[in-house]
Structure formats: C-alpha cells, structure tokens
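Record features (Swiss-Prot):
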type: ACT_SITE; residues: Asp305; note: active site
type: BINDING; residues: His60, His62, Asp152, Asp305; note: Zn(2+) 1 binding site
type: BINDING; residues: His62, Phe63, Arg64, Asn94, Asn278, His309, Phe323, Gly324; note: substrate binding site
type: BINDING; residues: Asp152, His179, His232; note: Zn(2+) 2 binding site
Amino acid sequence: MKTLIKNGKIIKKENQLIEAALWLENGVIHAIGESFDEADFEQVFDANGQLITPGLVDVHVHFREPGFTYKETIKTGSKAAARGGFTTVCAMPNLNPVPDTAEKLSEVYDLIQKDAVVKVLQYAPITEELRSEVLTNQKALKEAGAFAFTNDGVGVQTAGTMYLAMKEAAALNMALVAHTEDESLLFGGVMHEGEVSKKLGLPGILSATEASQIARDITLAKETGVHYHVCHVSTEESVRVIRDAKKAGIHVTAEVSPHHLILVDEDIPGDEGFWKMNPPLRGLADRQALIDGLLDGTIDCIATDHAPHGLEEKQQSFLNAPFGIVGSETAFQLIYTNFVETGIFTLEQVIDWMAVKPAEIFGLNAGTLTIGAPADIAVFDLATAAPIDAEAFESMAVNTPFTGWTVKGKTLMTFVDGALAWSEEAQ
C-alpha cells in the first residue's frame, strides 16, 4: 500500500526543522520530499505542520505477560508504547514462567506475534529462573530469537557466574545487559539513603549498591570483550565508573530513565508507593551527573523502564509497595518539556537518545528516517500543552508520579512498517 504523510516537519542537522512529506510503501520509507501528488496514494495522513521523527526505540520495558496479566499484557503494553511514539521495544524476562529455555521463549514470541501493535524484542535471562547460579543455554536462546541476555530486576550476585555468562555472550556476539545491584549492600532499603529516608524513617539504599557492581562487571567485561550494557544508571559514581571504562576502550554502553533525569528524592511527598522505584530517586548531584553523562556521551540512550503494577499494590506504603513506575506514554513528553523547552537539550539530541542511539548500540534496523529504512514513524505535537492524565493511558497501569504535570509533545500518530499503529484521532 502507498501511504503519504503530508505537511510535516523533520529535523535536519543543526536542529533545523524543514517541511517534509513521507512516501511509505511496502513497509519502508520510499521517498522523502517537500510534497507529493496525493492522487498517487491509497492513504493520506496530514501531520498538520507537526514533527515527524523515526519511531522511538525503548530498550527497557516490562510487559508482564505471561504470568502477571493483572498488571499489563503484551497488547496493552504495546499500545502504551505506540501511544508514546515507540515503534520498537525490548521486553524484560521477569515473567512467569521465566523464558529461560528456547521453548519458553518461543511461547512468549507467539504471544507477541498475536497481540503486539509495535515491534517487541524479547530478552532472555542470564541464569535459570533469574535468581539461580545456573547459566541458561545462550546459544539455543539466541536461535529462538533472544534480543540480549539480562536478569533485570535482580543483579547477578556472583562474579564467577557473571564472568562465564559474559564469556559465552561474547562468543555469540550478544549483549549482556545488567541490572546492577549488590544485594549484600541493600539492608532492606526501599528508597535512596539520605536525608529524606531519615526524615521518613525508611531504610535507605546506598549509592554503592549500584556503582560497586558496575565496577565489578566492567572489570569482567574488559576480560571477556563482551558488549556490556548498564540498565537505568542512577548515581554520580556510576557515571564516573562508566566514563572511565569508555575512556579505557571497554565495550560498555548505558541507559538512563526519564524519572531519574527529572526527579530527586527531595521531590517525594511522603510515604507513598507511587514514588517507589528501583533504582530509587537519588540526590541533586546524582541527577546532574546523569544529565552531564548524556551530554558528554557517557550515557548512550534514554530508556523508560516501563514497570506497570496493580493500583492496590502501588497504593501501599514504601515498605510494602512493589518497585516501579510506568513510563511509555509520558517519556517523550517529559523529556521534551523539561529539557528541550528549557534549552538544556536540543530536539536533535533527544531523538538521538530515544531513537537513533538505542538502535545503533544494539544493531537494530530502526531509529532512522532514511530511504529504504522500515517505515516506523512517530508524529508529535510540540505546541499543545496538556496535563498528564493516567486514566487516559493505554496501559492497564496508572502508577506514575507525573499525574497532573503539564507537558507538550503528545503523540498524534505512530506507524509501524508503514501501517498506522496508534492515532490520537482514533481514540
């Protein structure tokens, strides 16, 4: 089918926006120009002068299916991603059953094939059942379609296990993706160790819990040559360790989540589970280090860590609520409003971190508006300001601390392989 997206604007170098129309055909971008004859197309969509970007790429989401479908499903999670402008997402393996064999992984892909409205790439675990010290069969999992290997939700606690996993992943040319958390340093913590945790009388999580395991893993990554990717970096020390590793030529990449760029522990209003996440919100110096890390290339990309939970679960106290907040439907709006509108980031940088770079570092055919590339496209309204309304989410979950925040940059349309996956007009 020949599809036209007309009257849009795309980013050129030096952050210039130019008028553009996109000709989509056979699932790819066939041509980009100022305008085309509408009579030549079977479908025409009007961008009304708004921003056209490559579809965003999120390398860190939790879709909860199978096993926890009262929180989220592949269908609702992928719709949430599409509503946020994401066309490719990578789903974590903390499921039930854990997809730790080729057969179980194939079953998850069957669900994805049936229900997903965006491209969903599934991670496989590093160890059986996530918490064991028994390595999975990485070769078989790769053949079954594993995107990369991770035990996200828990850190691999034993250095020897991590070393062997890295060695195997390197041999298979696969990435090893790490949730970094030394459990021996947790001490039951539920939020950042600092003045706020003391004020609320809650056990804190040391910054060293994260940075110490990153330092260990980087040493092992140097030894094995694996592509080592650090999930949701949150501390100043972690940024320093990653920066030093990159300077030393070690193949390490890293992501940061929007909430860690925007919020700090001082923003937490009280003992409210909607503010509980892992890693926790850190201090002002940590947040600035994350911003600086993006700007100097230490941190490669922005990933949401979309983590849906049931409402009753998150309405509990910090001690009892599960970790995590949703982020797919708010990520671009929050980053655009808080950083581009304020002049801290450029629009080009944001698209780089949310589309181009995540695709590049994992070798995905995504994140680009070029002739012949997959027609994975988002259209954003940069002009209209509106409050975030969790009740309007496509996600089953509403666990966000950003409800009521006024933001710009809502998604108007999302296309996957040239087909309309989500549009505001259709809602």
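Heads up, the Cβ atoms here are built off N, Cα and C, so glycines get one too.
Positions of Swiss-Prot features highlighted on the structure.
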residue: His60; record: Zn(2+) 1 binding site; DSSP (3 states): strand
residue: His179; record: Zn(2+) 2 binding site; DSSP (3 states): coil
residue: His232; record: Zn(2+) 2 binding site; DSSP (3 states): coil
residue: Asn278; record: substrate binding site; DSSP (3 states): coil
residue: Asp305; record: active site; DSSP (3 states): coil
residue: Phe323; record: substrate binding site; DSSP (3 states): coil
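Residues His62, Phe63, Arg64, Asn94, Asn278, His309, Phe323, Gly324, recorded as contacting substrate, have a largest CA-CA distance of 17 Å. Most Cβ neighbours within 10 Å, among the binding-site residues Phe63, Asn94: Phe63 holds that distinction in the structure as shown. The Zn(2+) 2 site is set by Asp152, His179, His232; from the centre of their CB atoms, other residues of the chain with a CB within 8 Å are His60, Met92, Thr150, Gly153, Val177, Ala178, Thr180, Cys231, Asn278, Asp305. Put simply, Asp152 (Zn(2+) 1 binding site) is 10 Å from His232 (Zn(2+) 2 binding site) when counted between their Cα atoms. The residue listed as 'active site' is surrounded by 30 other CB atoms, counting those within 10 A of its CB over all protein chains shown. Within 10 Å of Asn94 (substrate binding site), counting C-alpha to C-alpha distances, fall the following of the recorded positions His60, His62, His179, Asp305: His62. Ranking the binding-site residues His60, Asp152, Phe323, Gly324 by how many other Cβ atoms lie within 10 angstroms of each Cβ puts Phe323 at the bottom.
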